[in-house]
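Visitor: Dumping what TrEMBL says about this protein:
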DOMAIN    17-474  domain 'Major facilitator superfamily (MFS) profile'
TRANSMEM  117-138  transmembrane segment
TRANSMEM  144-173  transmembrane segment
TRANSMEM  185-206  transmembrane segment
TRANSMEM  212-232  transmembrane segment
TRANSMEM  282-302  transmembrane segment
TRANSMEM  322-340  transmembrane segment
TRANSMEM  347-366  transmembrane segment
TRANSMEM  372-396  transmembrane segment
TRANSMEM  417-439  transmembrane segment
TRANSMEM  451-471  transmembrane segment
């Protein structure tokens, strides 16, 4: 009996599920380094523990002195020395710097080869070098250069992930509900952060090496799942795209006759790097994401460390508890990503939505720094709200906006720009993601208040970069509302 071919919607569901799991594991393997920071460097400078946003010095409390004395017995050379916090910041810079540079290369390459193969190789490489970092625990390696090189190679392979998954999802979904769909789908970032935190925290008591090896093996296995089940493009399974929304695809013949894993069509020529930068809206959103990811990745890499080194309700939390508690930031990020996507769909205004969230992040950051120490409940609530406003625009820009611009009308229907455009936007953002954790490593040695000032200023600048696009969206809406008597549903900025 001939096997009945899968429907278009079934293939869409497979794409969403496989890419969701793939990128969740990318982030899970990336999150682990933030969990093991407290095990590698258990000490914290006195002045980094104060609560007042503007205070940068002061004497230690008995609770703080006792805590540092108990922590002094642990650590892992060379990170347990006086410059340990700065060395951890340099590891973050090495990883994210190579990740950012590799992103541009990965997007360019991803538009020119089979994304399924490309993504699989990236996941296997990520798993290998994440595991090698953890193996330093059993091999008793205390050479900083070893961890530095391993992190740089891990960052290179990690850069294959985002351009690939966004390009694949963008190939299967049109623009009308892209913000909501990709907002929900983008929960993989927070799900990955949460699962990575929980797994790494649970294994930390057995030795910090396990917190790296387990996520490394998991992402390597997930790479094999991608290789076996991911359909990259409708044409790869015998379906022809029809119309903007891809809601009513035209099948080739009576059903799907092509094999599931056939390579995407090569009839379209991939656009160049400079040409992609010239697409209207790419540069403003890219520079906005630079500062948005600076804020988001500072939390990604340093939040568990900050929590474990801050007195909350008169006491310190263990590294495991701090790691588990930090997941509330990512849960808020899930809600923020979905809200930002849905609101931008309803308003037809990606720039207005992203800028508004960034501006709201400023008071959220201020309140978390000044009032988060009062109680666990207060810390959790403010952390959730901060995660919602910080990750909302980050999720929107890296998903729906990137996909919109990658299928911009100026490309005349050429779909082979998605990975390049996505890589440009997220690669530029990743430069900021590299700088934020690095600066935090140095600033936190003086005062965590300085870190939060940096984050608030970055959030402000991120919103300001979208000012021209916000004005264009508002102006267009007023004009179309006056001429038609209703508010338009499409985004004028991204349709120019």
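Cβ coordinates are placed from backbone N, Cα and C, and glycine is handled just like the others.
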Visitor: In this predicted model, what is the average pLDDT of the domain 'Major facilitator superfamily (MFS) profile' (17-474)?
Guide: 81
Visitor: Does the transmembrane segment (372-396) make contact with the transmembrane segment (282-302) through 3 or more Cβ pairs under 8 Å, each pair 6 or more apart in sequence?
Guide: yes
Visitor: For the transmembrane segment (322-340), which recorded stretch in the set 117-138, 185-206, 347-366 gives the largest number of Cβ pairs separated by under 8 Å?
Guide: 185-206
Visitor: With an 8 Å cut-off on Cβ pairs and a sequence gap of 6 or more, do the transmembrane segment (451-471) and the transmembrane segment (144-173) reach 3 or more such pairs?
Guide: no
Visitor: Looking only at residues six or more beyond either end of the transmembrane segment (282-302), which have a C-beta under 8 A from one in the stretch?
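Guide: Long-range Cβ neighbours of the transmembrane segment (282-302): 30-31, 33-34, 37, 92, 96, 193, 276, 329, 351, 354-355, 358, 361, 365, 386-387, 390-391, 393-394, 397-398, 401-402, 405, 421, 424-426, 428-437, 440, 444, 451, 455, 458-459, 461-463, 465-466, 468-469.
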